[in-house]
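A.B. asks: Residues or ranges marked as (2R)-2-phosphoglycerate binding site in Swiss-Prot: 167, 339, 368, 369, 390. Annotation source Swiss-Prot lists active site, proton donor at 209. Annotated Mg(2+) binding site per Swiss-Prot: 246, 287, 314, in sequence order. Annotated active site, proton acceptor per Swiss-Prot: 339, in sequence order, evidence recorded as sequence analysis.
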């Protein structure tokens, strides 16, 4: 083991870079006394929950107001001097100090984008100094579970310029023994779907997350297309490949009513609609089936479908332990989506995952629609043995980067690698 002094933070650098949508984001680089360093770039979302931590943007005319030079300056002028001399191995202390300096409940002073970039870069610097992979540094010797991918192959909602209200229609290729075969299966279905769309004269343009964005009329039409694509690729729906949805219902919820596919539905009617979809399609997971503050509706939804499918809270929980605790008490869901930039530090992210585990909830590690080449979430999914990852479709290199990282991790683990899909899929054992 190296001397503790080797892990002292020397300085933190930061810069403005671009995400996959061409919007500015923050890259941070933490340098240690020993010469090791770690780098991280933060993502950003399009459909963001109202309760997420605050991204610091510049405003003004440059980059349509989305510049992050103010956040970069916060790192140089405030965060770097404060962290100098702290041990990078004490992630909790590093994150706690940044939270204390910020002094706001939603990190609106320093900005969650600046705090998170430094938080993630600190962990990577420690892993690099120890010469071990990030998943091993964040996890333990038993961190060998490769996640089932939830692949967003049809994009709608805020992620695509089409008429679909639901935001994501996902493939869940679980009926194989390893991650690499799961990835192959998803890729073949992706190409099968593209061929079908071509045949039907539908657009094969892709959305923010790399999935196709055809102008379909309904979720039912999207579901039918996916079943056809799965079978055309030679696989069995339900047995080998299941489906998952991200309704992103907050996006079409106004004044207690869900404005969905030309109809006005109350919570009970929306739940009935989701129940019909579950009955008619091999759906194993529904994310944000109801709006972020429709707590009564969520409890009703969980009572209706919680023993049949995974009910994932994204906007509902925003990777926040306080909101997750409320959901646990009120039995509002059975799973949490984990997005590191919703809460803004690695420590708080790990706390949310641990609370979910202790409460019998599953965790789905997730990207954002505005992504980068950073692959931290791939390592995080293996480190925490979450068993599931959402990182987009089978196109766009910022999505593929995470899949390729998981392939490398599986190769490194060799015969110790396990695949979550082979262990069974469902709300109790996904």
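Cβ coordinates are placed from backbone N, Cα and C, and glycine is handled just like the others.
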A.B. asks: Going by Cα-Cα distance, pick out whichever of the recorded positions 209, 246, 287, 314 is nearest to residue 369 ((2R)-2-phosphoglycerate binding site).
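C.D. replies: Closest recorded candidate to residue 369 ((2R)-2-phosphoglycerate binding site) by Cα: 209.
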A.B. asks: Among the recorded positions 209, 246, 287, 314, whose Cα is within 10 A of the Cα of residue 368 ((2R)-2-phosphoglycerate binding site)?
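C.D. replies: For residue 368 ((2R)-2-phosphoglycerate binding site), the recorded positions whose Cα atoms are within 10 Å come to 209.
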A.B. asks: Considering only the recorded positions 167, 209, 390, which fall within 10 Å of residue 314 (Mg(2+) binding site) when distances are taken between Cα atoms?
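C.D. replies: Close recorded positions: none.
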A.B. asks: Using Cβ-Cβ distances, find the residues under 8 Å from residue 339 ((2R)-2-phosphoglycerate binding site) that belong to the same chain and are at least 6 apart in sequence, listing them in sequence order.
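C.D. replies: In sequence order, 45, 314, 318, 319, 366, 367, 368 meet the Cβ cut-off.
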A.B. asks: Could you check which of the recorded positions (209, 246, 287) sits closest to residue 167 ((2R)-2-phosphoglycerate binding site), going Cα to Cα?
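C.D. replies: Ranked by Cα distance from residue 167 ((2R)-2-phosphoglycerate binding site), first place goes to 246.
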A.B. asks: Measuring Cα to Cα, how far is residue 246 (Mg(2+) binding site) from residue 390 ((2R)-2-phosphoglycerate binding site) in Å?
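C.D. replies: Each residue's Cα considered, residue 246 (Mg(2+) binding site) and residue 390 ((2R)-2-phosphoglycerate binding site) end up 11 Å apart.
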A.B. asks: Cα-Cα separation of the residue listed as 'active site, proton donor' and residue 287 (Mg(2+) binding site), in Å?
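C.D. replies: A Cα-Cα distance of 16 Å.
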A.B. asks: Taking the centroid of the Cβ atoms of 246, 287, 314 as the Mg(2+) site, which other residues of that chain lie with their Cβ within 8 Å of it, listed in sequence order?
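C.D. replies: Not counting the recorded site residues, we get 167, 168, 245, 247, 248, 286, 288, 312, 315, 337.
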A.B. asks: Neighbour count first, Cβ atoms within 10 Å, every protein chain included; then name which of 209, 287, 314 tops the list of recorded positions.
C.D. replies: 209
A.B. asks: How many Å separate the Cα atoms of residue 390 ((2R)-2-phosphoglycerate binding site) and residue 287 (Mg(2+) binding site)?
C.D. replies: 11
A.B. asks: Max Cα-Cα distance in Å among 167, 339, 368, 369, 390, the residues listed as binding (2R)-2-phosphoglycerate?
C.D. replies: 17
A.B. asks: Can you tell which of 167, 369 has the least company, meaning the fewest other C-beta atoms within 10 angstroms of its C-beta, among these binding-site residues?
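C.D. replies: Comparing Cβ neighbour counts within 10 Å for the binding-site residues 167, 369 gives 369.
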